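For reference, the structure I am asking about is given below.
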């Protein structure tokens, strides 16, 4: 490595076209603008897209277009986008990201309990708190790299969990967590006596929904979902800009060869720390939004399995890609909600066309993977992705697209590098 | 003084479990260079070997006893374990009661098989991939293993009692000259500690005094050279993986009476064991054992009421706190070698 560095003069990296041509729509090049537009359309039309089956039909349970689940899609999307800025760009695998989500959640709920029920100050406060906490944790953890970094972040997250669970009970509510109660009188809310406060956005209740009935189909448009979706789109746009910026380039340099970067006289610490804090602020934003949607928080949000979940999301979708983490988050949350709903009776209905003995056999083969066993499915899918598709679903999609493209024109297509 | 001795003793059993798991983790890391996140699952599977054997030995069939009647006057049906039939009631009963120690023998082939299958089937393909990939795939495997156990055994903890001869406690204080009833210590925890010492000593002796162990140590130091000498080092490393799996499994088997096994006990121990490995020094076997006992004892001291009065909740975080301090002041851990995981 060292020899290489001395023998070849370090070529000035050519600025990628994306940086040069950052004058297009909102400072994005055409490819990114298309991607952003696609995501905008998909999130805005999600209530339609996620409800493809008519109400009351046998397939209706696969509809994901209800507010609670859609909110979770976009909120965990934000969480995963933030995680991806750290892991995807710098290669630092944090196993304690849920701590920032938890800190953000607690900050938001206190804001709503004490000051105002409007979600905007709560979310801003949650971002600030998560960012400060990430600054502290990152400053310490980033002194080590590789597996040591993972263990340190894990240790911090577990410590926060243990503290939230026990000693900090006056602040965190311990095991039961915090909710907005009838006794809470936020100063700026003007609640009637006895009225339980509800999260709102300048007067719009998060739970307001407009239901549109078209034939057999029922579509729900929820205020909370659209607010979360707009926030998600903003953070997605920001993440594109970070990916394409010189700062993002620096972070990639940290990932590919930190040693060489430091030989060129650059201190990588400020860059990685900035990435860590940004990523923590994304997590805090997700935590604040979660509170805005369901107005409650508990310490289990900081448990290390929650940190593991966001790792799964990013890997499953495609780490280091722009859209991957959002896809992964959506996929895992969809699986969690839909697969865990299928039970034995439904399976029997599906396979009723088979002869009896075969039907029972097929059902008993599938049964462990559904219902309560959805974690098993998740584990298997995740392992398969890590083994065969290290680039996640995005790489899978590119490979399939590549197959078709090669058929279309047979002349040599340069092997595409996985998406950045 | 008595309180201090009591806390040291209390820390020993948990410390033994940490030390055994960390020892296995370090063996795998030192030989194969793989960070095995599924090691906690192996510990858990070991505990469920004890559960399985207990259930197998307890298998029974109903016979109708014509001489005794139930309250309706029908002949009483009684469950007779096969063990009673085959070995007579006394020996049969004691075999059932001794199922946990017997599970040691039962678990070794199972754990060795799982270890070899894991290494040959999965981990082998990840030697050339980054450490992050190894962590992720073994993390996935851990989820799969624990969900399989959950499917077959349910989510609730399964009580697995120790043999009745060891269920009581004894007065350790009176034994070494303190007042009676000041230091009471359960027998089984003492047995767990002695057992883990034997296993640890066995692993070290195996590595130190056998030709096989010598080759493995040589391979840990310089895998390529050993390979060039015409030794099939891969095969030996596979066996080391199996041994590490057995160590974790045995730790689990013997831990079953202390804490009723449930499907996520592996994950709970795994996080702490990683902390132990890092504190001890990545790749250092004595470091792993030392750190295991040290952290176990420190955790037990932190749970004392006198200390909790001063620092509330310190028992929950002390291990992580120590890990953070050690990693920042002695980056290679207590006994870590240079050049391990520093690329």
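Every residue gets a Cβ built from N, Cα and C, even glycine.
Automated prediction, rather than curation, is the source of TrEMBL annotations.
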With the ranges A:73-95, A:188-210 to choose from, which does TrEMBL describe as transmembrane segment?
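Here TrEMBL associates transmembrane segment with the stretch A:73-95.
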Scan A:10-29, A:250-269, A:310-329 against TrEMBL and say which stretch is down as transmembrane segment.
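That would be A:310-329, per the transmembrane segment entry in TrEMBL.
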To the transmembrane segment (A:223-243), which of A:33-53, A:115-140, A:270-290, A:310-329, A:376-397 is linked by the most Cβ pairs under 8 Å?
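Against the transmembrane segment (A:223-243), the leading stretch is A:33-53.
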Which of A:73-95, A:115-140, A:270-290, A:310-329 has the most Cβ pairs closer than 8 Å to the transmembrane segment (A:147-168)?
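Answer, by Cβ pair count: A:73-95.
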Where, among A:115-140, A:270-290, A:310-329, A:376-397, do we find the most CB pairs under 8 A to the transmembrane segment (A:73-95)?
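Comparing A:115-140, A:270-290, A:310-329, A:376-397: A:310-329 has the most Cβ pairs near the transmembrane segment (A:73-95).
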At a C-beta cut-off of under 8 Å, are there same-chain residues at least 6 beyond the transmembrane segment (A:115-140) that contact it? List them, or none.
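The answer is 96, 99-101, 103-109, 152-153, 156, 180, 186-189, 191, 197-202, 206, 227, 231, 272-273, 276-277, 279-281, 283-285, 287-289, 291-292.
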Using a Cβ cut-off under 8 Å, which residues of the same chain at least 6 positions beyond either end of the transmembrane segment (A:310-329) come close to it?
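For the transmembrane segment (A:310-329), the sequence-distant neighbours (Cβ-Cβ under 8 Å, at least 6 residues beyond its ends) are 32, 35, 39, 73, 76-77, 79-81, 83-84, 87-89, 93, 95, 97-98, 232, 236, 239-240, 243, 283, 378, 381-382, 385-386, 391-395, 418-420.
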